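Features of the protein shown, as given by Swiss-Prot:
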- 1-51: transit peptide (TRANSIT)
- LYS72, LYS111, HIS143, ARG162: isopentenyl diphosphate binding site (BINDING)
- ASP150, ASP156: Mg(2+) 1 binding site (BINDING)
- ASP150, ASP156: Mg(2+) 2 binding site (BINDING)
- ARG161, LYS249, THR250, GLN287, ASP294, LYS304, LYS314: dimethylallyl diphosphate binding site (BINDING)
Amino acid sequence: MSHCTIFLYKYFPGKPRYQHCSFLHPLNHKLKSLFLPITGSRFLSNSTFSVSDSAHSHQAKPHVRNAQFDFKAYMLEKITAVNQALDAALPVREPVKIHEAMRYSLLLGGKRICPIVCLAACHLVGGDESTAMPSAAALEMIHAMSLMHDDLPCMDNDDLRRGRPSNHVVFGEGATVLAGYALIARAFEHIATATQGVGPGKILRVIGELAQLIGAEGVVGGQVVDLRCGGEGQMAIGLEQLEYIHLHKTAASVEASAVAGAVLGGASEEEIERLRKYSRSAGLLFQVVDDILDVTKSSEELGKTAGKDLAAGKTTYPKLLGMEKSREMAEKLKREAQEQLLGFDPIKAAPLIALVDFIAYRDK
C-alpha cells in the first residue's frame, strides 16, 4: 500500500466505473470561455443550441423538448449579476490593503461556475434566485480563497492566474494568506446576514455544506493528498488517488454549490441527491478537461501557466490514461452528469444541461 492510499476513503458509495464511450467532439455551436475581469466578459456568438441536442438522444428524447436555449445570453446575465453582487458584498474599507487583496482575486474574472450552479439549482427546484445570491457570492469568495492559497509557493507555486499575476506576486505571501482567511470569514458572514426568504434551518444547512467543502473532508483534504502524492520525488499515484484529489479539490465545490442552491430553493432530499451526483460528475469533468487543456494550450490561451503540473512530475489524467482515454472519460462524465437531470422540468434544467456541455467543450 502506498503512502497516499492511507489518506483515502470513498467520497461516495460504489467504485466509479469509467467505460469506453464516444470520442469527445465539439458542439455545432460551442462557446469559448473567454472571461475577463469584472469590467466585462466576452463570448463567441452563435451559442444558442437545442437542449435536446446537448444530451445523448436515446436518453434525452423522452424528457427534453426541442427548445432553443441561449446559453450565451444566460451566462452573460448571470455573470453580470454575480459580479455586481460580489462588488457590493466586499467594498473597499479599512484596512485598505487587505480589502484590496481580497477584491483583487475575487473580482479578477473567471467562469463563475460555482455561483451559477448555485443559482441554476435554486431555479431548477422552484426557488427564487435572489434567495440564493448571497450563497452564490459566498461560494465565489471561497473559490477565490482556494485559488489564492493554491498559487502560493508552498502549495502549487504559480505566478499567473486568469491572465494576471497571482495574488501573492502583487501583495506578498503574508497578505495573500490573510486575505484568504478574511474571504472565508466574509463568505459565512454574508450568508448569515444577507440571505432572505427562507428559515434559519435552511441557512444553517447551507453553512454546514460550505464548511464541509472547505475542511479536511473537502478542499483541504484534497490538497493534502495532492501535496503528498504524485509530485517530484513523491509516490506515484493511480486513478483512485487522482480521483480522490479532484473529487475534493474541484468537484466538492460544484457539489456544495448545487446543494446550497437546491436547499434554498426548497428541493426534496431525492432532488438534492440527484444534484449531488450531477455536480460530482460535472466537477470531475472540469478537471479532466483542465488537464487536457494543460497539455494542448499555451499559457497565453489558458491565462495560467501551461504544462506546469507535468513539469513538476505531478500526475494528470492525460499522463495516467493517455489523451484518448482522457477524452473518453470526459465524454462519459458529461453524459453521467446530464442523466441526473432527466425527470426535472426540461426548461428549468436547460442551464445545467448546457453548462456541462460548456465545461466539456471549453478551450481555456
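Note: Cβ is positioned from N, Cα and C throughout, glycine not excepted.
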| request: Please report the DSSP secondary structure of LYS314 (dimethylallyl diphosphate binding site), reduced to three states. | output: coil
| remark: Simplified to three states, DSSP reports ASP156 (Mg(2+) 1 binding site) as coil
| request: Sorry to bug you, but what's the C-alpha spacing from ARG162 (isopentenyl diphosphate binding site) to GLN287 (dimethylallyl diphosphate binding site), rounded to the closest Å? | output: 16
| query | Looking at the binding-site residues LYS111, HIS143, which one has the fewest other Cβ atoms within 10 Å of its own Cβ? | reply | LYS111
| What is the Cβ neighbour count of ARG162 (isopentenyl diphosphate binding site) at a 10 Å cut-off, with all protein chains included? | 19
| message | To the nearest Å, how far is the Cα of THR250 (dimethylallyl diphosphate binding site) from the Cα of LYS111 (isopentenyl diphosphate binding site)? | response | 14
| request: Compare the C-alpha of HIS143 (isopentenyl diphosphate binding site) with the C-alpha of each of the binding-site residues ASP150, ASP156, ARG161, ASP294, and give the closest one. | output: ASP150
| said: I'm trying to understand the geometry here, so how far is the Cα atom of ASP156 (Mg(2+) 1 binding site) from the Cα atom of LYS314 (dimethylallyl diphosphate binding site), in Å to the nearest whole number? | reply: 10
| task | Between ASP150 (Mg(2+) 1 binding site) and ASP294 (dimethylallyl diphosphate binding site), find the distance joining the two CA atoms and give it rounded to the nearest Å. | result | 16
| task | Translate the DSSP assignment of ARG161 (dimethylallyl diphosphate binding site) into the three-state scheme. | result | strand
| Nearest of the binding-site residues (ARG161, LYS249, ASP294, LYS314) to LYS111 (isopentenyl diphosphate binding site) - Cα to Cα | ARG161
| message | When DSSP is mapped onto helix/strand/coil, what comes out for LYS111 (isopentenyl diphosphate binding site)? | response | coil
| remark: Within 10 A of the CB of LYS72 (isopentenyl diphosphate binding site), the number of other CB atoms across every chain shown is 20
